[in-house]
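Enquirer: TrEMBL feature annotations, pasted as is:
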DNA_BIND  B:17-56  DNA-binding region
DOMAIN    B:80-181  domain 'CoA-binding'
BINDING   B:Gly91, B:Ala92, B:Gly93, B:Asn94, B:Ile95, B:Gly96  NAD(+) binding site
Protein chains: 2
Amino acid sequence: MSKDTRISMAVVRRLPKYHRYLGELLRNDIDRISSKELSDRIGFTASQIRQDLNCFGDFGQQGYGYNVKELHNEISKILGLDKQYNTIIIGAGNIGQAVANYSSFEKYGFHLKAIFDKNPKLVGIKIRDIEIQDVDELSSYLDNNKVDIAIICVPRLHAQSVADILVSKGIKGIWNFAPTDLQVPDDVIIENVHLSESLMTLSYRLNERNLFED
Amino acid sequence: MSKDTRISMAVVRRLPKYHRYLGELLRNDIDRISSKELSDRIGFTASQIRQDLNCFGDFGQQGYGYNVKELHNEISKILGLDKQYNTIIIGAGNIGQAVANYSSFEKYGFHLKAIFDKNPKLVGIKIRDIEIQDVDELSSYLDNNKVDIAIICVPRLHAQSVADILVSKGIKGIWNFAPTDLQVPDDVIIENVHLSESLMTLSYRLNERNLFED
């Protein structure tokens, strides 16, 4: 694929939302839906929806709309949810444990295989039948096991050194919860969840009115 | 403030990142920085940085750059971090407990005042000295206490009914971790953290190359 055919991140970030809404329609036994009806539910314009989906193929039919099950399947495939992923968590603090306990990720094909922490009080404890290992074992674990996605939940100051180990062992996907921007080669994909930044965006918007009235 | 002077969400979402980088500079005793140097660190172009900051005022000086402490303070104020917020959490499952334990939010002015859950096994348990209350107490708590931000961590199916209670009691800020889009009046601000969608975005990007080579 050339760089030019890459889909914009704005479109990509809307895909999981389509997937979620179509999943809800399926659960409600709705077989087909017009782009207008889908638009009313999801809150994007009908033309936006058609444009987004056109990036990936020719879905829907004039006068019929979308076959919900078919479109849900197609978007699942586009999102890579038809595949299986071995995941590991590094950092079994609050957020690491919360993510580890999210068993619903399994149904999308994300299988938690190992958890690492450096705290001796946590090492040996089991979360969902997975024993927390000493982070010193991380390198050798990666030598001996196929890992698709590593989830970084360590404090900010340790995140880059963990990322360096992951990259050196060939990990290409990192889900990063540490509040820092990791430096990695171009072929490694990082998806950040910066909770503090999300909370600050909320406080900004709560204060926005005052800001410009002062 | 008229609608027209509202800052675009793309700019708003970059503000916490400026705040974080300037905070790191401060910790490293760096007093001033040019927009070029800031650009090298943060990864936005210097002109982007100038444009973003110009939305809020006249920062920085030709030939001097930015005074780090001053700019950090100003961005703190813009983000509303000079104020104090009473927060409550509804839903003390995995993610609710993780957020409750994030004591670092306190330093930005977000004070956790109460936690609610409907699980009798959790009610009465303390997290950071805050006793989990029965969610049936939520309405009367809101009648008697000032709450600025409510954090929804309940399962999808219960999220809207919790939001309805919050809205009826005048809550204007909701940080929503439930994987659903809440329906609220226009004057209520919702900030979503949809973890599944973030993970799906990562799997999309891991598969993007194959998608267009097939």
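Note: Cβ is positioned from N, Cα and C throughout, glycine not excepted.
Note: TrEMBL annotation is automatic and uncurated.
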Enquirer: Taking the Cβ of B:Gly91 (NAD(+) binding site) as the centre, count every other Cβ atom within 10 Å, in any protein chain shown.
Expert: 26
Enquirer: I'd like to know which of the binding-site residues B:Gly93, B:Gly96 has the most other Cβ atoms within 10 Å of its Cβ.
Expert: B:Gly96
Enquirer: Going by Cβ pairs closer than 8 Å, show me which of the binding-site residues B:Gly91, B:Ala92, B:Asn94, B:Ile95 neighbour chain A.
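Expert: Near chain A, the qualifying binding-site residues are B:Asn94, B:Ile95.
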Enquirer: What are the DSSP helix/strand/coil residue counts across the DNA-binding region (B:17-56)?
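Expert: Going by DSSP assignments, the DNA-binding region (B:17-56) contains 28 helix, 2 strand, 10 coil.
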Enquirer: Relative to the Cβ position of B:Ile95 (NAD(+) binding site), how many further Cβ atoms are located within 10 Å?
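Expert: Cβ-Cβ neighbours of B:Ile95 (NAD(+) binding site) within 10 Å number 24.
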